[in-house]
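Visitor: Please read through the structure below; I'll follow up with questions.
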Amino acid sequence: MKIFVQKLRPNAELPLLQTKQAAGYDIHACLDSKLVLEPGNVGLVPTGLSFAIPQEFHFEIRPRSGFSTKNRILIPNSPGTIDSDYRGELMIPLLNLGDSSFIIEHGMRIAQLLIRKTWYADWELVSEFADRTERGANGFGSTGH
């Protein structure tokens, strides 16, 4: 699939698969200088990239597992959704859950990008559902787990 990408900064790096069968493309920080993320704070990290996502798709932005577990750095709105009609710079929000400052440097792999199919619903309003299920309207904790 071809997806058009604009480099908004000359030092921006394209998304990269680390293995042939990886689902997520690594996204890199695009910085002119180091960014210090203090404990408990969220910072928006620029990628220097803008995308023209085909209409029937969207991107999901997720944490990289090693980056998150080793550094206690998370994406607070994970998974983040990038809609096909957005043309601005891809910015990655990072939350520092650690006890000390974390330094983000240019080129650091900070997130994963997944390409997802977008489904559009044709909502039909009904007064009741035609089928009944064993669970019914039982919600939180109703299955005992």
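Note that the numbers count up from 1, one per residue, in the order the chain is shown.
Each residue, glycine too, has its Cβ placed from N, Cα and C.
Here's the feature list from Swiss-Prot:
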- Arg64, Ser65, Gly66, Asn77, Thr81, Ile82, Asp83, Met91: substrate binding site (BINDING)
Visitor: Other than its own, how many Cβ atoms are within 10 Å of the Cβ belonging to Ile82 (substrate binding site)?
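Guide: For Ile82 (substrate binding site), the 10 Å Cβ neighbour count is 20.
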Visitor: Please state how far apart, in Å and to a whole number, the two most distant Cα atoms are among Arg64, Ser65, Gly66, Asn77, Thr81, Ile82, Asp83, Met91, the recorded substrate-binding residues.
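Guide: Largest Cα to Cα distance for the substrate-binding set is 26 Å.
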